[in-house]
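Down below is the structure, laid out as structure tokens.
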Amino acid sequence: MTTAPVSAAERHAALEADLAQWDEAYHGRDEPEVSDAVYDAARRELLALEEAYPDLRSQEGASQRVGATPDSAFGKYRHLVPMLSLDNVFDPEGFDGFVSRVGRFLGLDEDGLQALQFVAEPKIDGLSISLTYEHGHFVRGTTRGDGIEGEDVTANLLTLKDIPRELPGEAPERVEIRGEVFLSKSSFLTLNEQQVARGAKPFANPRNAAAGSLRQLDAEITRSRPLSLFAYAQGYTSSPVATTHWDYLEKLRSWGFTVNPLSQMIAHARDIPAYVEKLARERSELDYDIDGIVFKLDDLSLQDRLGFAGRAPRWAIAWKFPAEQAITRLREIEIQVGRTGALTPVAHLEPVNVGGVIVSRATLHNEDEIARKDVRVGDLVRLQRAGDVIPQILGPVPSEEPRSEPFVYPDHCPVCGSLAERVHGEAVRRCTGGLTCEAQIVERLIHMVSRNAFDIDGLGERSIREFYDAGYIRRPGDIFRLRQHEEALLQRDGWGRLSVDNLFRAIEDRRTIPLSRLIFGLGIRRIGERNAQLLARHYQTFENWRTAMLAARPDSEERASLGAIMGVGDAIADELSAFFSESHNIETLDDLALELKDIIAEEAPSEGHLSGKVIVFTGTLTTMSRPEAKAIAERLGAQVTDSVSKKTSLVVLGEKAGSKAKKAAELGIETVDESGWRVLAGL
């Protein structure tokens, strides 16, 4: 195995950190930070590095991850069959590569490839859910979560008219049905009008609105929002329902589920590009967002044989659409300051319809992007909803009109006036004011009370800004001392006795908090919800974590240990070390900890019975292909390598096993034949 050079390892760590942050924002907070194109490009780069240097790959890494950790405000439920993600293609060549990989795995010749049949389904931009039925009764509904465990949102799903409460007697004794909850474009516009009318923040897009509506602690809020569901797959089933995916969709229809009427059976792979082109033309006329098409092998027995690779099935692929575009005028470029001090340029636009959504703001990413695209205030610009979620400016439209001067990016914070520095190798300029910068203080407080952090009901962005301006809350610990301002609160508009008492009760409920939520709530750069959970599981207690972080100075043994934690890495370790090097941050943390009653440790995740084993396959296997055997081993928690070493736990000997069998004997490593492997794997 080739060991990765330092430059590759550093780039891999940076990509891991970025992808973890973006995953947490998209799946955990329903607030995507980057476009699909940016995300997919970063993930492809990560996969290429891991392909070249396998030692960089870890089972906790972004290449193996699906979704985000479930929110503990809801009950957690372990899926009977994991809810995984999909790999993407963007053109006919990418799809041909998918078909070729399927053929190689199954050992098909050209005739076998031509005989493959597919089911095409529009890829709905919503929230994936799993519905469990037992003895014909709907008993549980969960979100995807991290793919292994999801959030129990049964009470909210019971408000959806598209979900049958009972299945007919022919249904299996126990079955999981997968679907996508979404909000139509017309319902989204109506909902946002209602949000604005009552002074609430409008939703960014239909997906965010659907996800936010389903993940309400009050089911009556969900009931008031017209959510819909398309059923599209099975998870676990106690007895077979069909032999093909198409027949399964027909069965779902007969049970009372809504299946997307645009789903189609496709007899030959060569017909797929025409279907893609047709649906791409029609997508803007649909009353719901789609960002691509999912193609699945129709034969369920072939799906079972193909299984999964990492986080995605081998038998399905998502063909993603290019983003929809429009032209409008750039009115203003505003520089916003985030909780980590990042200066982010936001474009204010003349409102324009892009793919059925009215857009008036767009991201410009950073100063390099502004300079590279040469966009200026007053320009006509080409805009796209990248990944159908985040509006982004592609560049100016050539025009004979006179242009304004090039935009000058500030080198000082527009809020506090501190120097805004740009670290070598980074694209973002950051305010150096830290927690002396009002913008960063307020944004960190908003982050701390957010749903995936302390989740304090009644204390949202608007309240935090109001209480900050009034001087009631200036640092995290002040939240738990808010009762000191009770009389003043009761005199403020909109704060009566009932609302104040409810707020105090919600605050008191959060004096007991999981360690992972505390770590995440601090708003440290690069520390997403998943990283926070990894740290909490590793250090177990607040005292252990705090002591280790204080000791993690540059070049220290503790700093090296921190960077070596699976899924953390050097980039995240550097941010933690920097945070704890500031005395003000330590004082703020300790002040907060004094207000808390109990900081709860995280439970370690359950593992497969081959977890921790390093397995090598050698020779020819007769009952399955080598990739199939590898997939089974990895699913059971093992790591599969190509070479035998002292770290190898087991060598599986197929027919005509050669030098690897000999080396295993020399090193005294356990070996089994193929039948022994099948017994070990529970086949």
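Cβ coordinates are placed from backbone N, Cα and C, and glycine is handled just like the others.
Here is what Swiss-Prot records for this protein:
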BINDING   Asp36, Ala37, Val38, Tyr39, Asp40, Ser85, Leu86, Glu121, Arg144, Glu180, Lys296, Lys320  NAD(+) binding site
ACT_SITE  Lys123  active site, N6-AMP-lysine intermediate
BINDING   Cys413, Cys416, Cys431, Cys437  Zn(2+) binding site
DOMAIN    605-683  domain 'BRCT'
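Shown in sequence order, Val337, Gly341, His412, Pro414, Val415, Gly417, Ser418, Ala420, Thr432, Gly433, Thr436, Glu438, Ala439, Gln440 are the same-chain residues outside Cys413, Cys416, Cys431, Cys437 whose Cβ sits within 8 Å of the Cβ centre of the Zn(2+) site. Neighbour counts of Cβ atoms within 10 Å were taken for the binding-site residues Val38, Cys413, Cys431, Cys437; the minimum is at Val38. Among the binding-site residues listed (Val38, Asp40, Lys296, Cys431, Cys437), Lys296 has its Cα nearest to the Cα of Lys123 (active site, N6-AMP-lysine intermediate). Across the range of the domain 'BRCT' (605-683), the DSSP-based residue counts are 27 helix, 17 strand, 35 coil. Taking a C-beta cut-off of under 8 Å and a sequence gap of six or more, Asp40 (NAD(+) binding site) has these contacts in its own chain: Asn88, Lys320. Geometry remark: Cys416 (Zn(2+) binding site) versus Lys296 (NAD(+) binding site), CA distance 54 Å. Between the CA atoms of Lys296 (NAD(+) binding site) and Cys431 (Zn(2+) binding site) there is a gap of 48 Å. When averaged over the domain 'BRCT' (605-683), pLDDT in the model lands at 82.
Between the CA atoms of Arg144 (NAD(+) binding site) and Cys437 (Zn(2+) binding site) there is a gap of 38 Å, rounded to the nearest whole number. A 10 Å cutoff on Cβ-Cβ distances gives Cys416 (Zn(2+) binding site) a total of 19 other Cβ atoms nearby, all chains included. A straight line from the CA of Cys437 (Zn(2+) binding site) to the CA of Leu86 (NAD(+) binding site) spans 41 Å.
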